[in-house]
Amino acid sequence: PAYFLLVGIPGLEKEQFWVAFPFCLMYSIAVLGNITLLLVIRAERSLHQPMYLFLAMLACTDLVLSTSVLPKMLGIFWLGSREIGFVSCLAQLFVIHTFSTVESGVLMAMALDRYVAVCRPLRHRSLLPTPVVLALGALVLLRGVLLVAPTCFLLLRLPYCQHHLIPHSYCEHMAVARLACRDTRANGAYGLFVAFTVAGTDLTLISVSYTRILQVVLSLPSTGARLKAFSTCASHLCIMLAFYVPAFFSFLTHRVGQNIPPHVHIIVANLYMLIPPTLNPIVYGVRTKEI
């Protein structure tokens, strides 16, 4: 088809004009916070360390993710601009899914960095020099591109002979696949493979890293040091929950959540694009003494 029509939030078409205001505020905070974070890390040479380089990667990922969704979403909510070209739709879903995978990989790399810093402090610089950090970032990006690119080819091979109305605020793999008039089990199976490959690998490494970190923290003799470390770990774990919980909710709702009201699913999917980019510069930036 030449184009698709994005509904916005199904069932809340009249209310979505007002829903757009808090979304716009969150997007403004995300853009301002992440750009500020990048400028500070670039300007201050003492921050050219693994933790802050990974943080810069996270800020770039958040900017790409939120900007790939919010301007078009606000156009739908405020201007009724629902039309999106077929190629633009594929490009949007490619960017969304690729950089969601990249964000998961960067969070995993940050957890590994914290593990090395806490459990192997004397070898931190030798294990994670700048070239290794940049190589890890490149590998995470390459993994995202290689895993997500086949979804676009799977969508391109489908015939779209039904209506072209997508009940979503942005183009999402299975939301587009459902418009096809051919069997889409290959799309669903590949989506499951990518989700469980990425989440399974990253969550396992994150869990192992923070388990070891907590073991080291609990062995610290100072109560103040333990509380400070617990506070830092709790903040990081909250960020990860804010990223993974809505992601899994949205992913599973497309496949097994037929009883969940559409507007609940879409609002959670929208917040998944907004909450992590808004919280990351606050938790990792404002609460980090060096920054």
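Cβ coordinates come from backbone N, Cα and C, glycine included.
The model shown is predicted, which means the values in this text are computed figures rather than measured ones.
If you check TrEMBL, you get these features:
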- 20-41: transmembrane segment (TRANSMEM)
- 33-284: domain 'G-protein coupled receptors family 1 profile' (DOMAIN)
- 53-78: transmembrane segment (TRANSMEM)
- 84-112: transmembrane segment (TRANSMEM)
- 132-156: transmembrane segment (TRANSMEM)
- 188-208: transmembrane segment (TRANSMEM)
- 229-252: transmembrane segment (TRANSMEM)
- 264-286: transmembrane segment (TRANSMEM)
Quick test of the contact rule: Cβ under 8 Å, at least six residues beyond the ends. What residues does that give for the transmembrane segment (20-41)? 47-48, 52-53, 55-56, 59-60, 62-63, 66-67, 70, 73-74, 77-78, 270, 274-275, 277-278, 280-282, 284-285, 291
If you count every Cβ pair below 8 Å, which range out of 53-78, 84-112, 132-156, 188-208, 229-252 shares the most with the transmembrane segment (264-286)? 229-252
